[in-house]
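Participant: For reference, the structure I am asking about is given below.
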Amino acid sequence: MLTFSFLTLFPELLAPFASEAIVGKARARGLVDVNLVQMREFSENRHLKVDDTPYGGGAGMVIRVDVAARALESLAADAGRPPPDEVILFSPAGERFTQAVAEELAGKSHLAFLCGRYEGFDARTEGLVTRELSIGDFVMMGGEAAAACVLEAVARLVPGVLGDEASHQADSFSSGLLDYPEYTRPPEWRGQEVPEVLRGGNHAAVAAWRREQALARTLARRPDLLPSAGLTTQDSAVLLTLGASADDLRAWKAPDPPAPRRPRRTARSGSGEAG
Ligand SMILES: C[S@@+](CC[C@H](N)C(=O)[O-])C[C@H]1O[C@@H](n2cnc3c(N)ncnc32)[C@H](O)[C@@H]1O
């Protein structure tokens, strides 16, 4: 069981992500637990204020560190759940959230997330967390959408949550490459046909075609992924046919492609060819 605790001023924004679709089913099956914590409950202000004006002046409000600390301490004191083994602050200044981070988080037992609003948290809050995460180089109004992204990405990696464990292993980024294209019925739609190889029932040919497509997409769209994609000698051969150069292969730390097969010499070969 992986517990997600979201400390937020707007738990109602996260409630549908926590109760619908696969996460909702995973909660019902006891595979994940989602704990929505209203940070206002930890205000000591009679109007339940959690923020205040910034020292030094300037626009906007800042969430108080003492409120964040009390909310986090309530998790540690919750007898019904293990104490958080990661406390994460959402911030545009954080480490970029990636599939690799999602895989790391899926192995924990209790993840606590601080969702900011306004100008964010008092800087001293950073001393209460184990890491800061950003979901991209843009600024949103609050951390709840970031929290929904992380919940969606991490919960599906918890064993048992997806019906078919293999289904996320070929996903974009999990294999080190972008995913190959998928097709379903109808076999022909507005003149566009599903590739013949996918309809032929030859599993080895399908696997080779999918790997080639994943390499082609990654080469065209995200060549920056190739150095850490764990390329094989066969991948190197495919990448050369897709237009990559020997210098590219070296830059991606790709192994040399298999040596081309020499035609077998016969008694007659070698004679007469030049003339
Ligand atoms: C308006 S933002 C604060 C932006 C902050 N003043 C800055 O420029 O870095 C309010 C909150 O939204 C969340 N947030 C906004 N953009 C984010 C992003 N790209 N990744 C993660 N969280 C984000 C954070 O929790 C942040 O505290």
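Placement of Cβ uses the backbone N, Cα and C atoms for every residue, glycine included.
All TrEMBL annotations are machine predictions without curation.
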Participant: Write down the one residue from Gly116, Gly160 that TrEMBL lists together with Ile135, Gly136, Asp137, Phe138, Val139, Met140 as binding S-adenosyl-L-methionine.
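Facilitator: Given Ile135, Gly136, Asp137, Phe138, Val139, Met140 bind S-adenosyl-L-methionine in TrEMBL, the matching entry from Gly116, Gly160 is Gly116.
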Participant: Consider only the binding-site residues Gly116, Gly136, Asp137: which of them have a Cβ under 6 Å from an atom of ligand 1? Write none if no residue does.
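Facilitator: List returned for ligand 1: Gly116, Gly136.
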Participant: Between 0 and 100, where does the mean pLDDT of the domain 'tRNA methyltransferase TRMD/TRM10-type' (3-226) sit?
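Facilitator: Residues in the domain 'tRNA methyltransferase TRMD/TRM10-type' (3-226) carry a mean pLDDT of 96 in this prediction.
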